[in-house]
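Working notes for the structure below.
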Amino acid sequence: MQAFPIEKFRNLQTPFYFYDIELLRKTLQVVVLEAAKYDYHIHYAVKANKNPRILSIIREMGLGADCVSGGEIETVLNEGFSAEKVVFAGVGKTDWEINLGLEKDIFCFNVESIPELVVINHLACAKNTIARVALRINPEIDSHTHHYITTGIKDNKFGINLDQLDRVLDMLSTLSSIQLVGIHFHIGSQIMDLTPFRLLCSQVNELQQKFIQRGIFLKHINFGGGLGIDYENPDENPIPSFREYFNVFRTHFFVLNNQQIHFELGRSIVGQCGNLISKVLYVKEGSVKRFVILDAGFTELIRPAFYESYHVIENLSLEEATDVYDVVGPICESSDCFAKQRVLKKTYRGDIIAIRSAGAYGEVMASQYNCRQLPKSHFSDC
Ligand SMILES: *Cc1c(COP(=O)(O)O)cnc(C)c1O
């Protein structure tokens, strides 16, 4: 079990995020080491966590940034990331966001539709510049066999469909302010079984032939992110197996000479280093259930309410006995529930509770619903 500084926690106002900086650094060391073996380029997916301290550590380790909005581009540039390592994705880029990307001369726009290409071409032309673009292609990997893939199937909003690709390429040759530098994919998130990544490689190998036939050399292949973390066993598996993950691409994708391979990892980098720390307000005996009511709710961590996701929940007290509880928050919505029928140490008012593996899509999704304050963050090394 992770050693939390519980005495320190007692003096802090709850709820707050607590980041294990040693774990973040170790995780980054592993990613950087494993990626360097094959000269892979990693862009951190900023939407997973934009805490300034976390971003600065990620930047120090030399990663680039994957942004999905103009606000994220501003955030990472202010944090000192270099524009030449910034990629910009998203199905709904606005004019000001595209202009910002052009002005800052970011590395690449990941483009998701023909009308978007037309607008980028127009805005780049007006600035007398050339936009570097990668086509985000929807690889249409069958979701029935792999239900955890949510963004790479034919009927969702992301990417350019395979049957549109010829049209897009015909169109591209008429857009003089656009330079096609590569192709981009992102098939989903929290992917634990690596099979879909293997399928993606086969799909991209085939696609690559199509580009070669048309006389197009793709300098950059971006496989996106999606590597999962072990939410059930954060202490046993604090660092995902980046080695195995990269090895899939190494083994199954046929890289061409002078081609650069990119990834956009979010959750797998920051997921395990974050914990939501909360205090027990009340233990309430219902007629059929016992509730632990926390001072944290879905305003601080929305994943359980939003995606019914699982987080390990620990009572940090020294109590030995256990009991079964529903762990809920104070927000006026029935979905404000962190766990149902969970075994915890016997719990009392004032106990400190850690909700584990909350570093990704946690603090960054906090809201002020019910006029609540946004949570503060604290770090293991200060
Ligand atoms: C969200 C997202 C990522 C990161 O996904 P993770 O599952 O956190 O690794 C990467 N690329 C794009 C385009 C995304 O939208």
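Just so you know, glycine gets a Cβ as well, placed from its N, Cα and C.
Of the residues GLY226, GLY297, GLY329, TrEMBL places GLY226 in the same pyridoxal 5'-phosphate site as GLU264, LEU265, GLY266, ARG267, TYR361. Pairwise Cα distances among ARG267, ARG303, TYR307, GLU333, TYR361, which the record gives as the binders of substrate, peak at 27 Å. When the Cα atoms are compared, CYS332 (active site, proton donor) and TYR361 (pyridoxal 5'-phosphate binding site) turn out to be 22 Å apart. The two recorded residues, GLY226 (pyridoxal 5'-phosphate binding site) and TYR307 (substrate binding site), show a Cα separation of 16 Å.
Listed recorded positions: GLU264, ARG303, TYR307, CYS332, TYR361. Those with a CB atom under 6 Å from ligand 1: GLU264. Looking only at the domain 'Orn/DAP/Arg decarboxylase 2 N-terminal' (39-270), the predicted model's pLDDT averages out at 94. Between ARG303 (substrate binding site) and GLY266 (pyridoxal 5'-phosphate binding site), the C-alpha separation comes to 15 Å. Long-range C-beta contacts of LYS47 (N6-(pyridoxal phosphate)lysine), restricted to its own chain and to partners at least six residues apart, with a cutoff below 8 Å, comprise CYS67, VAL68, GLU72, GLY266, TYR361, VAL364.
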